[in-house]
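Asker: Per Swiss-Prot, the feature Zn(2+) binding site maps to His581, His585, Glu634; the stated evidence is sequence analysis. The annotation disulfide bond is assigned in Swiss-Prot to Cys77-Cys82, Cys100-Cys717, Cys108-Cys682, Cys155-Cys410, Cys610-Cys729 on the grounds of sequence analysis. Residues or ranges marked as N-linked glycosylation site in Swiss-Prot: Asn94, Asn115, Asn191, Asn345, Asn627. Taken from Swiss-Prot, the feature region 'Disordered' applies to 1-37, 684-703. For 68-732, the entry in Swiss-Prot reads topological domain 'Extracellular', with the evidence type sequence analysis. As annotated by Swiss-Prot, transmembrane segment applies to 48-67, with the evidence given as sequence analysis.
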Amino acid sequence: MEGGDQSEEEPRERSQAGGMGTLWSQESTPEERLPVEGSRPWAVARRVLTAILILGLLLCFSVLLFYNFQNCGPRPCETSVCLDLRDHYLASGNTSVAPCTDFFSFACGRAKETNNSFQELATKNKNRLRRILEVQNSWHPGSGEEKAFQFYNSCMDTLAIEAAGTGPLRQVIEELGGWRISGKWTSLNFNRTLRLLMSQYGHFPFFRAYLGPHPASPHTPVIQIDQPEFDVPLKQDQEQKIYAQIFREYLTYLNQLGTLLGGDPSKVQEHSSLSISITSRLFQFLRPLEQRRAQGKLFQMVTIDQLKEMAPAIDWLSCLQATFTPMSLSPSQSLVVHDVEYLKNMSQLVEEMLLKQRDFLQSHMILGLVVTLSPALDSQFQEARRKLSQKLRELTEQPPMPARPRWMKCVEETGTFFEPTLAALFVREAFGPSTRSAAMKLFTAIRDALITRLRNLPWMNEETQNMAQDKVAQLQVEMGASEWALKPELARQEYNDIQLGSSFLQSVLSCVRSLRARIVQSFLQPHPQHRWKVSPWDVNAYYSVSDHVVVFPAGLLQPPFFHPGYPRAVNFGAAGSIMAHELLHIFYQLLLPGGCLACDNHALQEAHLCLKRHYAAFPLPSRTSFNDSLTFLENAADVGGLAIALQAYSKRLLRHHGETVLPSLDLSPQQIFFRSYAQVMCRKPSPQDSHDTHSPPHLRVHGPLSSTPAFARYFRCARGALLNPSSRCQLW
């Protein structure tokens, strides 16, 4: 589009040049116009020189015009990264579809049956980590790098894992006192076994205990006690008939585990059945989160002594002290409990079992541990788990999980235990200083556009606008990876306690203990930094309310979403819209009922209703639905994020010439901007969309585009077309 504007101005410029030549040639004194005989040779020479000078000026002016045209107009980007992106767009889009009626299919029509764009990028990032881990290097002995590579290789050594068989797991069971299933059981103290399971193996059979922020003081850590994480779907989410089938399948799975560990089939059946009975009774004690929140019982502060009175079967002090070493706990230590009634009922059940069926209680705990550790065991355990997952997904009408290669599992586990080490290696290769600098410049442009936009929102008064602008100005941004993750000297210290054993299971258990100790230690720092909720190679950005920081991991700022060599239209349309979306989450509280008392609530409510009606009017593919009460905040961030990114891009074009385009697409820079935005949303609709806080992919494309007048202008959409409605909403 810029090139076209430039060519329209060219004739006017040349007309002015011609005029200059005419004026120049007429400049002469009255004396020179007299017919003096002796001056004729000089006059001829002067005319020749004048003509040469005029021709030279015209030539220079033409060269200048050509140079400006070449540098201001959109030139095709012929680099390898641009050609790869061009091919990606051509492969995923269906340009036979009219963009003004179905831009999602225009951009994603051939990509509907593939994974979504974010999943594809996540897989690429894991492949990069795989290549890093499989390159032979000479690392400093005992370093985090050496241990990470050794752990990955141990995970990939399936021959050694198969050869070890159940031996390493049997040793663990013996250390815990054994169980009746194998015929060897020592009647140990129940709380001693529970303490070992929690502190040494990261297994919590009856409740969950973890460190989290204090409800009233987000930067103060506090131990939190919650319902356990069950290995089967919760009963309230399933119909009664399906619920019974689910437990039958789970019983079959537990029988397989007991048999694989050498148990007598009749004993295995008996103990597995009672384990299922215990789980079923624990299910009955659960109360939904919404109910607890409505009753004001989701965050209850109690001391360890008080908890001991409520649930006396558990030795809370010794179990928690062992789990959260090096914290120093006392009976007066305050805890946050998320379901007191569950803990009371759970304690009564444990006391009943200890009186009558202590050995079955031991088997229940051991079976749960075997389930937890099964990913580190041989192929027989893996196959049993795969069959259970397949059956459960069929019963709950979920699509089958695609088979995952072994390397991906090993990359993920290595990343869990050695995140700082892998973060440094990943960032060094995929997010160097020049890439980070370009990403920060993009973020600055997006942030400035948001601040400008806040000044013109009709539903904000001046005081609220100033408050909002200050909040954006004070925001911290962490780009690529946290500083903590990129300090190799810290990584070396953190891994000193990891002892990689002779079996893969032993190595996993050592890493589990080390990771738990590191998490506790990080919470105990006097001035803790923001703890990232994602790994640097992940593809999810987020905003932390408690720390007022926005995080963009290096894994997100990769092709096809971002690259310093891409046309600016691509970076602003894809990564820029994501950045703007996350920034708008700073103000989600203002959009909630009563969240902005100083705002023009009538205008705000009208904008709410307008946006909801706007999204409800769009047609959806069959078997696709969404809940507008769940998706409203994300819809608002999608619409506003696109508008802010476009505003930032338009300002960038005014200040910086020389934009490029992707060759062979026949799209202007502005059209590429919108295409890049839509490309981010490419994925197949899912039945789970009805429970998602994000709208289905069609709506995430069509909702924001139809709310943006510039889209209809650049794609020349007829008035009244689906993506050029007669009226629009403005919230942000």
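Backbone N, Cα and C atoms are what each Cβ position is placed from, and that goes for glycine too.
Have a look at these and tell me how they're positioned relative to everything else.
Answerer: In this structure, His581 (Zn(2+) binding site) is part of a helix by DSSP. Here His581 (Zn(2+) binding site) comes close to Ala637, Asp638, Gly640, Gly641: these same-chain residues lie at least six apart in sequence, with C-beta atoms under 8 angstroms from its C-beta.
According to DSSP, Cys77 (disulfide bond) is assigned to coil rather than to any helix or strand. Listed in sequence order, the residues of the same chain lying 6 or more apart from Cys77 (disulfide bond) and placing their CB within less than 8 Å of its CB are Gly565, Tyr566, Pro567, Thr660, Val661, Leu662, Pro663.
For Cys717 (disulfide bond), the same-chain residues lying six or more positions away in sequence with a CB closer than 8 A to its CB are Pro99, Cys100, Phe711, Leu723, Asn724. Taken residue by residue with DSSP, Cys717 (disulfide bond) is part of neither helix nor strand, so it is coil.
Annotation note: Cys682 (disulfide bond) sits in a coil segment as assigned by DSSP.
Remark: Cys410 (disulfide bond) has Tyr152, Cys155, Met156 as non-local neighbours, by Cβ distance under 8 Å and separation of at least 6 in sequence. A helical conformation is recorded for Cys410 (disulfide bond) in the three-state DSSP classification.
Over all protein chains present, the Cβ of Cys729 (disulfide bond) has 21 other Cβ atoms lying within 10 Å. Under the DSSP three-state reduction, Cys729 (disulfide bond) is assigned to coil, being neither helix nor strand.
Packing around Asn94 (N-linked glycosylation site) is summarised by its Cβ count: 15 other Cβ atoms lie within 10 angstroms of its Cβ, all protein chains included.
Over all protein chains present, the Cβ of Asn191 (N-linked glycosylation site) has 16 other Cβ atoms lying within 10 Å.
In this structure, Asn345 (N-linked glycosylation site) is part of a helix by DSSP. Sequence-distant contacts of Asn345 (N-linked glycosylation site), defined as residues of its own chain at least six apart whose C-beta falls under 8 angstroms from its C-beta, comprise Phe285.
In this structure, Asn627 (N-linked glycosylation site) belongs to neither helix nor strand by DSSP; it is coil. Using a 10 Å radius centred on the Cβ of Asn627 (N-linked glycosylation site) and all shown protein chains, the other Cβ atoms total 13.
Same-chain residues lying 6+ beyond the ends of the region 'Disordered' (684-703) with a Cβ under 8 Å from its Cβ atoms: 102-104, 107-108, 112-116, 397-399, 614-615, 618, 620-621, 623-627, 630-631, 633-635, 638-639, 677-678, 722-723.
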Asker: Using a Cβ-Cβ cut-off under 8 angstroms and a sequence gap of six or more, which residues of the chain neighbour Cys82 (disulfide bond)?
Answerer: Gly565, Tyr566, Pro567, Thr660, Leu662, Pro663
Asker: Give me the sequence-ordered set of same-chain residues, not including His581, His585, Glu634, with a C-beta within 8 angstroms of the centroid of the Zn(2+) site's C-beta atoms.
Answerer: Glu582, Leu584, Tyr588, Leu633, Ala636, Ala637, Asp638, Gly641
Asker: Rounded to the nearest angstrom, how far is the Cα of Asn94 (N-linked glycosylation site) from the Cα of Glu634 (Zn(2+) binding site)?
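Answerer: Between the Cα atoms of Glu634 (Zn(2+) binding site) and Asn94 (N-linked glycosylation site), the distance comes to 27 Å.
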Asker: 10 Å Cβ neighbour count around His585 (Zn(2+) binding site)?
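Answerer: A count of 19.
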Asker: Using C-alpha atoms, which one of the recorded positions Asn191, Cys610, Cys682 comes nearest to Asn94 (N-linked glycosylation site)?
Answerer: Cys682
Asker: What Cα-Cα separation, expressed in whole Å, is found between Cys729 (disulfide bond) and His585 (Zn(2+) binding site)?
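Answerer: Cys729 (disulfide bond) and His585 (Zn(2+) binding site) have their Cα atoms 19 Å apart.
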Asker: Given a separation of at least six residues and a C-beta threshold under 8 Å, show me what packs close to Cys610 (disulfide bond) in the same chain.
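Answerer: Spatial neighbours, sequence-distant, of Cys610 (disulfide bond): Cys729, Leu731.
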Asker: Whole-number answer please: how many Å between the C-alpha atoms of Cys682 (disulfide bond) and His585 (Zn(2+) binding site)?
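Answerer: Here the two Cα atoms lie 22 Å apart.
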Asker: Could you state the whole-number distance in Å separating the C-alpha atoms of Asn627 (N-linked glycosylation site) and Cys108 (disulfide bond)?
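Answerer: If we compare the Cα positions of Asn627 (N-linked glycosylation site) and Cys108 (disulfide bond), the gap is 23 Å.
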